[in-house]
Amino acid sequence: MNNAPHHCLSLLTSCKTLKILKQIHASLVKTGHHSDPFFAGKLILHSAVTVPGAVHYARRFFLNFPNPDVFMYNTLIRGFSESGIPQNSIFTFIDMCGKSLVPPDSFSFAFVLKAAANHGSLRTGIQIHCQALIHGFETHLFVGTTLISMYGECGSVYFAKKVFDQMREPNVVAWNAVITACFRCGDVKGARKRFDMTPFKNSTSSNVMLAGYAKAGEMELARKVFWEMKVKDDVSWSTMIVGLAHNGFFDEAFAYFRELRMIGLRPNEVSLTGVLSGCAQVGASEFGKILHGFIEKSGFNWITTVNNALVDMYARCGNVGMARLVFRSMLHKSVVSWTSMIEGLAMHGYAEEAIRVFHEMEGCGIRPDWITFVSLLYACSHAGLIEQGCNYFSRMKDVYDIEPTVEHYGCMVDLYGRAGYLQKAYDFVCQMPITPNAIIWRTLLGACGIHGNVELAEQVKPRLFDLEPDDSSDNVLLSNIYAVAGKWKDVATVRRSMTDQKIKKTPGWSMIEVDRTMYRFVAGEKTNKTTAEAYEKLKEIIKRLRLEGGYVPEVASVLHDVDEEEKEDLVSKHSEKLAVAFGISRLCKGRVIRIVKNLRICRDCHTVMKLISKVYGLKLVVRDRSRFHSFDDGACSCKDYW
């Protein structure tokens, strides 16, 4: 019987689910060891950190344990800092500081600073910094390095540098932290300056520079650092491959990938998931398929994170069928796996299937997290499932004890607004328990645009402009609402204001992958060989659509006070039309044409895509700013609800 608690400890090390964790806890209760600080600490550690979705269980156990020690506090602070609700980590730290019997140590500060960084709260980070000074950690290297990282994550390169400059003897980790902070805050030159000043560089230092340059889009500088490195490890190669893929250099990324294998280094989990993420971002499905083949042949298909990246890549590249296939073939599915599938189905308009997958997830004993509910609410909003959306919003708090974040509130505003319940959406925003951010108000303004509600748009405008006065998309959206209503004087006022404030409109662009090369089209850009080919093909397509499909341009999509003929000319030059024309010109017959667009597809382009799918017998997939549109035989998967 005395061996029972030690047997429970061995079971804890292999425990992967909350159900088994509860059984182990019950065994400890039976033997009375649940009140032993050693065993209780181990139980909190595994429930807060190791077992997915069990941090709330850890919290309940912690609250019922008399006189928790510093290890228990630190473990719970750490668990929440790595969860979707890092603010709970901060609340736990505050509770700890309020009890003088358990003073915080260096680990307490490291974990809670990570929570402040993940929460993006500079103000909270500064307050924790003050507490670190009060508790005598002003010269502690570990705490100081974590402070630098926190300030970098929160966008304050000034404070990050100040903390670093006050260090007596910064080690290589601290140097790398301040370089990373510079990159995160967009100070590329500052990062290079600190790198050159580093007295003792290691391979990690060079890899930090590689990653920073790649994320900043400075691939020429990244290449220079890479080829100057005397020793290139698998992280160096992975960083370059991921950076090239994320910046659209797919041929070069594939060349590096081949060279990596030729020199005897094996691509790792990070490089594979990173490149797949790059493919997902720009819709490079052909390159993604090549990687999938390599993953199958090399035996990486048993790694859950790699499969998750494959599901996400296929879904974001418009191939939801392959996403389903990969998901169903997975032997082990994490909460990320289920969430990726739900999100993929939601983006494509398969709301009912997304809901079925969610219930299947619950049936498998996997606890959904806050991101799962964002995906589920997104599915409901894009399918007009108002009752179900409200139900899941309530269940999130009542059943799973997940506090709604600004993302969940945003989905609810979108749910009401998209369905036309604009006043209800506005009332919901006004009654929110947290302060609405710019995204919330922008979502409501977008709904006003969809339904042409000028009066409410004018109520929303000052709230939004107070938060982000220089955002071009908000000004353009308001201008468009006025234009649809025929208020051309108001349109002119908004555009004049944009000119005076030097606010530039984000140009619309569309991308298409042909023979593993990404082609980008921008409406109104200077003609080159590629765009000339696209324009020529588009003329032919429009002519055929008029004759065989009865196409009449929807000039209401043109939000300029010009005559009808000029409106027809403007609407014919939208970037997604050019991209699809180029695809029809270059791609083999029978291939699915996949387009990625940075803005919302307009009604005229939506009509043209439906007609092309009917007249030309093609399947088209367009990913715009908010969702996928799959066109087949004259119909769209969105059912004209977008």
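Here the Cβ of each residue, glycine as well, is placed from N, Cα and C on the backbone.
Per TrEMBL, the features are as follows:
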{"type": "DOMAIN", "residues": "550-642", "note": "domain 'DYW'"}
{"type": "REPEAT", "residues": "69-103", "note": "repeat 'PPR'"}
{"type": "REPEAT", "residues": "202-232", "note": "repeat 'PPR'"}
{"type": "REPEAT", "residues": "233-267", "note": "repeat 'PPR'"}
{"type": "REPEAT", "residues": "334-368", "note": "repeat 'PPR'"}
- Message: Summarise the repeat 'PPR' (233-267) as counts of helix, strand and coil residues per DSSP.
- Response: 26 helix, 0 strand, 9 coil
- Can you tell me the mean pLDDT for the repeat 'PPR' (334-368)? 93
- Message: Please list the DSSP helix, strand and coil residue counts for the repeat 'PPR' (334-368).
- Response: 26 helix, 0 strand, 9 coil
- Message: Can you break down the repeat 'PPR' (202-232) into helix, strand and coil residue counts using DSSP?
- Response: 23 helix, 0 strand, 8 coil
- Item | Secondary structure tally of the repeat 'PPR' (69-103) (DSSP, helix then strand then coil) | 23 helix, 0 strand, 12 coil
